[in-house]
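K.L.:
Got a structure for you, written out below as structure tokens; questions coming shortly.
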Amino acid sequence: MNKKIFTWNLLSIYRTELMGCSILGIILFHWSENCSNHGIPLTGFLKLFSLGNRFVDVFLILSGIGLYYSYRKNEDTKNFYIRRMFNILPSYCIIAMPYWIYYDLIFSTRTWMNVLLDFSFISFVTEACRRFWFIGLIIVLYLLFPAFYKIIYHWKNRWIGTALSFAVYLIFAAGLWKTAPSVYSNIEIALGRIPCFILGIFLGEKVYNKQHITKKPLAAAYAGLLSSTALIKFCRLPFLTNVADRSIEGIFYALSFLLILITLLAFIENLKIYSVIKILLCVPGRMTMEIYLLHVAFRSIFDYPADFTNYHLLIAASILLAFPIHKAGKAVSQFFRS
């Protein structure tokens with residue numbers, strides 16, 4: 001790969017492949033988690049797959065970049081909200097509503113109120129019901145995006161705006177942790193990942209302008225992340241360990257994964273095998289939300305067996321069913337927007 005083309009724009013060029021890597025990484029993480037739950041020690045590949053939860057942070061960085069492109073074209077906030085919600089809600093409703101009806105009314109013999117609380121993510125906040133928590137987080141981030149965008153890009157020095165956005169997040173997270181610790185504990189799995197989304201918004205301009213990935217800023221960023229981690233470990237302050245630790249780790253791993261993946265993809269792009277790899281990654285990469293929802297739903301119903309023979313059948317079912325649901329979601333979205 002020519003050094004001259006090693007730019008942040010590679011995150012846009014390989015976006016679909018990266019999304020495919022992310023959803024597959026999350027699925028493999030769930031496999032390692034189920035193996036652990038079944039008493040199988042995490043060694044070899046299973047130990048590697050246990051890092052797959054970091055691909056959630058990769059998703060959020062890519063989402064921030066994608067929303068930057070969308071919002072830059074049209075900064076009408078109302079129009080932005082409408083487009084975003086129509087992109088996510090149809091497929092969510094198609095999968096989540098039948099799932100919660102089955103799970104709450106048949107499988108668990110609960111009530112319609114539970115269906116509504118679970119479907120609307122209220123139970124995620126009040127009871128830590130984390131089944132589809134990532135979709136709830138994405139909806140909230142869609143709503144917050146215009147505010148973060150304006151904070152970051154109000155300043156000529158984008159680092160100042162980004163630092164202010166991180167500060168706003170930390171103040172809110174710390175306040176919630178202090179005043180409503182039970183709520184904080186319930187949603188921390190989502191809340192702690194918001195900084196990765198903010199980073200994605202910051203990177204959006206670099207990707208759009210095809211800025212070169214240079215060593216000095218990257219080294220400075222990693223030095224800052226590592227020194228922050230060391231400070232947290234040294235100080236052992238509850239505020240830092242409870243609020244900032246997940247966020248710093250998330251940024252470190254997600255940024256590292258992205259840089260490694262775009263380097264690999266750029267190097268193998270001219271090889272014959274790349275056409276096969278591209279298909280294997282781009283097919284799930286175009287339907288990540290539907291695959292995620294189906295995978296999580298099947299996982300909770302069947303309690304995925306730890307052995308791969310049964311596990312891969314349910315993975316295949318998630319991918320195959322994602323095709324018609326993805327098309328149905330698009331059709332519903334186009335119908336209401338026409």
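The backbone N, Cα and C atoms fix where each Cβ goes, and this holds for glycine too.
The following feature annotations were taken from TrEMBL:
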- 20-323: domain 'Acyltransferase 3' (DOMAIN)
- 12-31: transmembrane segment (TRANSMEM)
- 51-71: transmembrane segment (TRANSMEM)
- 92-112: transmembrane segment (TRANSMEM)
- 132-152: transmembrane segment (TRANSMEM)
- 159-177: transmembrane segment (TRANSMEM)
- 189-208: transmembrane segment (TRANSMEM)
- 220-239: transmembrane segment (TRANSMEM)
- 251-268: transmembrane segment (TRANSMEM)
- 280-302: transmembrane segment (TRANSMEM)
- 308-325: transmembrane segment (TRANSMEM)
K.L.:
For the transmembrane segment (280-302), give me same-chain residues lying six or more residues beyond its boundaries with a C-beta closer than 8 angstroms to one of its C-beta atoms, as numbers and ranges.
P.N.:
15-24, 26-27, 30, 34, 59, 88, 91-92, 95-96, 99, 102-103, 107, 131-132, 134-135, 314-315, 317-319, 321-323, 325-326, 329
K.L.:
Within the same chain, where does the transmembrane segment (92-112) have neighbours whose Cβ lies under 8 angstroms from its own Cβ atoms, ignoring anything closer than 6 residues to its ends? I mean 6 or more beyond.
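P.N.:
Distal contacts: 118-119, 132, 135, 289-290, 293-294, 297, 300-301, 325, 328-329, 332.
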K.L.:
Is the transmembrane segment (159-177) in contact with the transmembrane segment (189-208), using three or more Cβ pairs under 8 angstroms as the rule and ignoring pairs under 6 apart in sequence?
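P.N.:
Result for the transmembrane segment (189-208) with the transmembrane segment (159-177) is yes.
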K.L.:
With pairs 6 or more apart in sequence, are the transmembrane segment (251-268) and the transmembrane segment (51-71) linked by at least 3 Cβ pairs under 8 Å?
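P.N.:
Counting Cβ pairs under 8 Å (6 or more apart in sequence), the transmembrane segment (251-268) reaches the transmembrane segment (51-71), since there are 3 or more.
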K.L.:
Counting only residues 6+ away from its ends, which parts of the chain sit with a Cβ under 8 Å from the transmembrane segment (220-239)?
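P.N.:
Here the qualifying positions are 174, 177, 245, 248-249, 251-252, 255.
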K.L.:
Tell me, what is the mean pLDDT of the domain 'Acyltransferase 3' (20-323)?
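P.N.:
Mean model confidence (pLDDT) across the domain 'Acyltransferase 3' (20-323) is 91.
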